[in-house]
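Input: a single structure, listed below in structure tokens.
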Amino acid sequence: MRAVLAAVAVAGIAAAPPYPVVRPGIRLSFPVDHGAHPAFRTEWWYVTGWLKGADGRDVGFQVTFFRVNPHAGANNPSRFAPHQVIFAHAALSDPALGRILHAERAARTGFGLAGAATGTAAVGLNGWTFRRLSDGRFASRVSGREFSLDLRFRPTQPPLAQGENGYSRKGPKPEQASYYYSVPHLSVAGTVARAGKAERMTGEAWLDREWSSDYLAPDASGWDWTGLNLDDGGALMAFRIRRKGGGVLWAGGSYRRPDGQVIRLAPGDVTFTPKATWRSARTGALYPVAQMLSVRLPGGVRRFPLQPMFSDQEVDARAAGQPVYWEGAVRTITGRGYLELTGYAADLKL
Amino acid sequence: MRAIETCGLAKTVGIDRELFTGLSLTVTPGELVAITGESGVGKSTLLNMLAGLDDADAGEIRIEGVALGPLNDETRTKLRRERIGFVFQAFHILPYLTLEQNVALPLALISPDSAAAKAQAGVVLAEVGLGDRGRDYARDLSGGELQRVAIARALVHRPAVILADEPTGNLDPETAGRVLDLLARAVKSRGAAAVIVTHSAATAAVADRVLMLTARGLTPIDG
Amino acid sequence: MAEAGLLRSRLALAWLVAGEWRWHPGRFAATAVAIAVGVALGFAVHLVNGSALASFEQAVTGVNGAADLQVRARSPLGFDERLYPRVATAPGVADASPVVRLSAKAGRARFELLGLDVIRAAAVTPSLVGARSSGPDTGSDDVFAGDALFLSRTALAATGARVGERLRVLANRRAVSLLVAGTLPGVPDGQAIGAMDIAGAQWSFGKLGRLDRLDLKLDDRTAADTALVRLLGAEAVVATGETEARQGDALSRAYRVNLDMLALVALLTGGFLVFSAQSLSVTRRLRAFALVRTLGLPKRGIIAAVALEGAIIGVVGAAIGLAVGYTMAVAALRLFGGDLGGGYFAGGTARVVFQPLAAGAFFALGLAAALLGSILPARAAARAAPAAALKNAGDVLDPRAPVPWRPALLLLLGGGVAALLPAINGLPVFGFTAMALLLAGGVVGVPWLVRRLLSPWQDRDLGTAPRLLALRHVHGAPGQAAIALCGIVASTALMIAMATMVTSFRGAVDSWLGQVLSADLYMRADGGDLDPAAQQRIAATPGIARAAFSRQLPLTIVPDRPPVILIARPVSSNAGDPSLVLLDKAPVPARTTPVWVSEPAAWLYGWSPGSDVALPIGGSRRFRVAGIWRDYARQQGAIVIRDLDYARLTGDKLRDEAAITVAPGFQTDVVRRSLMARLPPGVAVTEPATLRRFALRLFDRSFAITYVLEAVAILVGLAGVAATMSAQTIARSKEFGMLRHLGLTRRQITEMLATEGALLGLIGAVAGVALGALLGQVLIHVINPQSFNWTMATRWPFGTMVGVTAALVGAATMTAMLAGRRATASDAVAAVREDW
């Protein structure tokens, strides 16, 4: 789950009826579901992971493409009619730098400059791409002023359908849900270029795919999310949606054991407990950057202490008219992954 | 040392009008020489040559031993400024300067010290009997008074040589006599050498020597 | 050593200057004022022009939102939107923001409506992105909504709309109701701009498939420039904010330079005045200078003293001039507007911006004029042998002395050669050099002219002694006459030159208007407002024999020149049309499309009859220049294309103007009224007489400021004549005393002086008018074609010539008589005895 993003322009769209409603009982089918679902209001391709260069130092990265259907100009014959809008974020976390490098882009679809194809993953935005190659690998290329990434992702495990076979609830109402699957333990290889110097790197990543029309409950203020590639080949995804004014509105997740068995986590099975906070000098937001994640499994409660790679992994995209959130590489005792903290600078709208 | 020393001077004006040739004149400090002669014989030209305002065709002029011939205009001007005093027939008192300033003008040309120049001018003005008129202007004075101012101006910077061209030409005989006495006394008391071009017998009377200028040069009258 | 000598003499120099100052404070003040007037005029004109240009540039930047670079359509028809992805992905281009540009109306308010992709604009031109009002009533707008309109503060005030209300917006002949969703806080005040979604703008206002502009953000300018050159077809050009500013600059630059030149003429006249005054003062002080030379001041001391006086005059005059000039600029902007009536910078309010650099330049010019006017006579004085000068009772004239004529001839010849040289960078630099040389030659030649004019009268019996004396004096001292006259000769010459040019220009425009406006009624609507239906309605109005519809479109040929006007209209035959005044023509072979270019267009782009030109109409095509027509209306150039060709090439059937011929037996006024009744409001129908009156009023307005500048130059010149002549006369009081001794009566002396004055005035006028006629030819045949690109036939302003001559003769006579009365009032005997 993720998302953060697209609050942007889509901000005020009232939940207009024309979007399809997310309902249980679907079957995910690949590679078609790697491609776009343009009728739904929001959708994303979200890759996070850890990389290591020749010198053995770790860096974290994030590449995200969002697709938004603003439901405007439906009858407008203009080639500029905003049928779909694509946003993209990319970020690089390097502990040596102590802050995140990030870049973002946006465009309405059309003119071959931006688009999200159906049938398979092929998202493009002014030269930034995320696509599925014919051999089943994914590839992404993004470049900003301070860095560029050119990465290949080889799946080592089958996709992990979240929720009930891909129907993932986000709130008390059944329609407050998304279609959601993840691909954990992607093997990464590629080039990371900074300050004109390119470096070959390898590592492990996590792909999240999610599409929906009515994602957040109106009284939600934001969420905490984490996806962890465990050292034993297991994968853990957990999230909680916080209520405005305090408390937890909804929670969930799933744990796939190394043997492939999936355990669904109900709202009561997931607890996030802040262990350390960090205050951003840029935005004044206070983030619980270190947390204790407790997950109730059939064998009893298992604890995953989440320690950030470094504290300042805040993404401040206000200059591009986009929201502020924390998206950081985290370690746990038995694995590594990413933690996302949204709605701490201001209530999130989606 | 001789104040003025000329030797074999010759001057031709126009194409071939020869004024004089072989002219020699020596004036010692404290000596007052009067030069007379017919109109057009070249008296004023001679005076201008002595002042470095005109060039000789032949011969040499030395002022205090310095030959004028090889000097350029700048150096002659400097010499004139510092070592020569002038008295004219027309008094040439600048109407827009005070008498004190008029008298101090030669000093003002030499040094920018205004107070010293005016003090010195006051002394010399007193000497010519106009000590209380320093702040007046030319239009307030009679001809005789103006010429006394002119004499004061010729003396103020203690020149070695005083040149006067018909200094009494515009004055009545009585005034002329007084002005000449004044000039003669001043020359004597300062040990300056003076050359006065004149027609008047009165001038000749105060002179140590009277010379007549003709085409052949200077010849003494009386002795 | 020499320098030290001059430095040591500084007390004496100070006394000399201060003494002169105390003695003639009025003279010093008058010369300082002459310099002040020149500097003030020059600085004021420059400030006003600069301020107008600055406000124009600001307006340009506002509409453009400060993009790095723009790709702009060559004509209002726009370019194909498929160019957008190709430019957006070109090397060196970081981001491209597509723009649809419309001129829109809401009620009576006009604003520029921009259709933008808000996401692209946020990256490239953030100042054009709207801010939504976050009030409770405006909760759920969408920036992508096709009907959301964002207005700049000025547009909001002009339309009277409020955020949250709907506004009926008219553009491109379509009226659309838009929701005012917010404001454009990034757009500076004074600029009426609206922004909406690009897709909505394309669809609602009939611009589907077309764009007017791409605003670019670059990360490599060189790469982008190279790539864009290859990408852009015939419909678009690359432009920057600079090029648009240059367009505004190019259009008005010649006019501004001309005004600057006129202002400099006033300064030049001031310089001549300083010259006159200082010449006189130096002549008067010749013996004083000789005295101090004798007392031991070097030659350069004299020059230094007079130059010091000139410097003081210059510094005081220039400083006063700058202050007065600034005040005048503020006042002029209020009264005339930023273009001083030239009509170049419509709209937009200009504020005076102090320009330190220009201030420095004008200060230096004023100082230079004063110094030069002083040093020239001082050099002459320093050359005089001190002994002779002391001895002589005054300046001794030699009436037989030949008057040099070679310098004047050389200067005049130089001027003639300069006049033949071409313009530099669109500015008639050599033209103005020619004028300066001719002017100098004319002034230097005055003494020769005096001799030449008076010699035949030397041996005649003139009847009275006073007249004889007057003639002899002027004839014998032509240099003095020249000194008195130089200022007035210069200013008269320039006034006559300007008058000749303006008279010729006005006459040419007037007769051209008569030829061009041959129809009975003219109709004008907003750009493209007459669609085929409206055209039919008009043509079917009873009483109309013929309606010739035309379309006018700005067409960019070169990015940094203002667009030429493309006029699509009926042309009766390939050999031209009665309402196209052809200056030159060429045959049109079959299978070529003819165009007729205006004279300025031909000059600007080097087009000649019979040549082929490429024009960005209907793709890039070549056209045959069938003729060159006279046009005084469009300085940026215009091209006429036959309406049938235009429609065939572009498919554009809209028209915005019509020339209507009324059928015999119908009254024009009746037809006009029934036509008005059939047309929507906002369409103007006028008769040719009204148009002609309007055009000539505009013309006169744009030249009003030049009349003012000329008048000032003449007044300064006349003041110079008066001052110089009275000073010269008073300096001759000894001569008058002698004449009185000889038995002349005061009356006779006055008569003599009056005759002299009249002679001088007449000579000044003859010289000034003759020189002016010559300069006028340079203006008409060199400077005008080079700066405005049009030609005209000369028409002489006989009235002005006679008037100026009469005024000059009268003024000189009066001055001489008045001065003479003062000079002869004093005691004749005292005058003779006077030492100085």
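Cβ coordinates come from backbone N, Cα and C, glycine included.
Curation does not apply to TrEMBL; its annotations are automatic.
As written in TrEMBL, here are the features:
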DOMAIN    C:262-385  domain 'ABC3 transporter permease C-terminal'
DOMAIN    C:711-824  domain 'ABC3 transporter permease C-terminal'
TRANSMEM  C:28-48  transmembrane segment
TRANSMEM  C:261-282  transmembrane segment
TRANSMEM  C:302-333  transmembrane segment
TRANSMEM  C:353-376  transmembrane segment
TRANSMEM  C:408-424  transmembrane segment
TRANSMEM  C:430-450  transmembrane segment
TRANSMEM  C:481-502  transmembrane segment
TRANSMEM  C:707-731  transmembrane segment
TRANSMEM  C:752-776  transmembrane segment
TRANSMEM  C:796-819  transmembrane segment
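Highest Cβ pair count under 8 Å relative to the transmembrane segment (C:481-502), across stretches C:408-424, C:430-450, C:752-776: C:752-776.
For the transmembrane segment (C:430-450), the residues of the chain that approach it from at least six positions outside its boundaries are 261, 268, 272, 403-405, 407-419, 421-424, 474-475, 478-479, 481-482, 485-486, 489-490, 493-494, 497, 763-764, 766-767, 770-771, 774-775, 778-779, 782-783, 786-787, judged by C-beta separation under 8 angstroms.
Note: the stretches the transmembrane segment (C:707-731) and the transmembrane segment (C:408-424) are not in contact (fewer than 3 CB pairs below 8 A, sequence gap of 6 or more).
Residues 435, 438-439, 442, 445-446, 449-450, 453-454, 465-467, 469-471, 473-474, 481, 484-485, 488-501, 504, 721, 725, 729, 744, 794, 796, 801, 804-805, 808-817, 819-820 of the same chain lie 6+ residues outside the transmembrane segment (C:752-776) yet bring a C-beta within less than 8 angstroms of a C-beta in it. Secondary structure counts, DSSP: the domain 'ABC3 transporter permease C-terminal' (C:711-824) has 101 helix, 0 strand, 13 coil. Residue counts for the domain 'ABC3 transporter permease C-terminal' (C:262-385) under DSSP (helix as H, G, I; strand as E, B; rest coil) come to 98 helix, 0 strand, 26 coil.
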